[in-house]
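Scroll down for the structure; my scribbles are underneath it.
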Amino acid sequence: MAQVCSISVNHRHAGIEGIERARFRDPDVAMLRLLSLPGVSEAVVLQTCNRVEIYAVAESVEDIVGFARAEGMPLEIAEVRAGDDCLKGLLRLACGLESMIVGEDQILGQLKTALLQARRLGTIGPVLSTAIQKSIHVGARARIETEINKGSVSIGSAAVELAESLLGDLRGRTILVVGAGEMGTLVANAMAEKSLRAIYVANRTFEQAEKLASSLQGVAIRLERLCDYMGSADVVICATGAPHLIITKKMVEQCKGEKPLIFIDITNPRNIEETVGEVPGVTLHNIDSLRQINEASMRRRQGEARKVEAIIEEELVLLQRDIRRLHADRVIGDLYQRTDHIRATELRRAVARLSTAGSLTEQQISILHDFSMALTNKILAAPTRQLRRAAERCDEDCLRTAEELFDLWVEESNGIPGNKTKASKTD
C-alpha cells in the first residue's frame, strides 16, 4: 500500500559540498520524472540552501531510493523516512527544529512555495497536500505559542552574528551585501542595526538594490562595480539566488585593499569561489561556518523546543487521522466506482431485454435507473460505515482486505476498478 516517504540531504549529515551534489538542476523536471515512475502517485521537491528533499507517495520506499540514486543524490549522507516517521519529520521541519538556525521562519515560505509549484505542475495530490498544509499550520502555531523564533532566527541574521563574533564589534565597520532578495534583505536589515560606518548593497537588478539601500540609508551599487567597493569593506556577505560564481579569486586579488577582508557566503550553490580564502589577508566562511551559531541558538531554545515537540505530538495524531481518512475515502471511492460500473452495465442489459417484449417508456426506464441506484447505495451503506471506522482505529488491514474482496483494481484503458493495475495513482 502506498505511503508517504522522503529522502533528505541536509545540514545535519552533510556539509555544503554534499548538499550541492544533491541539488537538482531543475526541480520541476525532477518532480515530473519522479511522478512518471510506476507506484508513485505524488511528488514534491524542496530545495533550500541547507537541504534538498524529495517527498512522495509511493508503493515502496525503494521506488524513491532508486530514483534518488539514478539522479546522483549522495545516499550515503541522506536520511530516508517513511510513514509516520516522515510525517513527523515534516512537522519538525516546518516548526524550525530541523533547521540549521533553530526556529527560523523562512522554512514556512519555502514550504508554501514548494506546495504551490507542485500544484502548478500537477505532481501533488490529496495526501502530500494535506501533509504540507498541516505542517505549515503547525509551524505557524509553534511560533505563536512559543518563543522558538526569538532572537537570531535566519541564516541572514546568523551571518551577521558570525561577522560580529569574528570582528568583535561591527560599529564603524563597512559592510558590502551582495544580493537584494529575501536573504540579502534579512542580512542588510540586521546589519543596519549595528551602527555601521557604511553599508553597500549590490544586486543584478540595480533598482532592487536602490530600493533596499534607500530603506537603510545605504548605498546601492551595480554588480559590475563590486571591485570598486570591495577594497574598502571589512565584510562582504554574499546572499544571492544566482546558480553560479559571482566573486572569484582573481577578482579578489585585483580588488582587495590593505586591510583584512572577511567573506561570508550563505548561498547554495556557492557564489564565492572556494580558493578566495587562499588570498593573503582574506578569510572565507560559508554556511558550514554557521553551525556554531546554531549550536548556541539550540542551547538558548531548548526549553522552547520541548514545548514545540509537545505541539508536534498533538498535531501528528490529527494528521495521521486525516491521512487515514484520505485512504478510506479513496477505497470507498473506488468501491462506488466499481459498483456503479457494474450497476450501469446490468441496467443497460435489463433495459435491452425488457425492450424485446415491447418498447419501454422513459418513465419506466427512469424507475429502473432509480431502483438500481437505490439498491446499490443501500448495499454499500454498511461497508462504507465500516471502512470509515476502520480508518479511525488505524485498521489498515481492513482497508486492504476491502480492496482485495471487492477487486479494486484500475483498468488501464478506462480507469474503471476491476482489472489488473493497482489504483496507486489516487492514494
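Glycine is no exception: its Cβ is also placed from the backbone N, Cα and C atoms.
According to Swiss-Prot, the feature active site, nucleophile maps to C49, an assignment based on sequence analysis. The substrate binding site feature in Swiss-Prot is assigned to T48, C49, N50, R51, S99, E104, D105, Q106, Q110. Swiss-Prot lists G179, A180, G181, E182, M183, G184 with the feature NADP(+) binding site.
Feature map: annotations from Swiss-Prot on the structure.
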residue	record	Cβ contacts under 8 Å, 6 or more apart
T48	substrate binding site	Q106, I107, Q110, N268
C49	active site, nucleophile	I19, I155, M183, I266, T267, N268, I287
N50	substrate binding site	N10, H11, I19, S99, M100, I155, N268, I287
G179	NADP(+) binding site	V187, A202, N203, C238, A239, T240, G241, T267
A180	NADP(+) binding site	A188, V201, A202, N203, T205, Q208, A209, K211, L212
G181	NADP(+) binding site	N203, Q208, A239, T240, G241
Number of Cβ atoms other than its own within 10 Å, given for D105 (substrate binding site): 17
Spatial neighbours, same chain, of G184 (NADP(+) binding site) - Cβ under 8 Å, 6+ residues apart: G156, V177, V178, V201, N203, L212, A239, T240
Residues near E182 (NADP(+) binding site) in space but at least six apart in sequence (CB under 8 A): Q106, G109
For Q110 (substrate binding site), the number of other Cβ atoms found within 10 Å of its own Cβ: 17
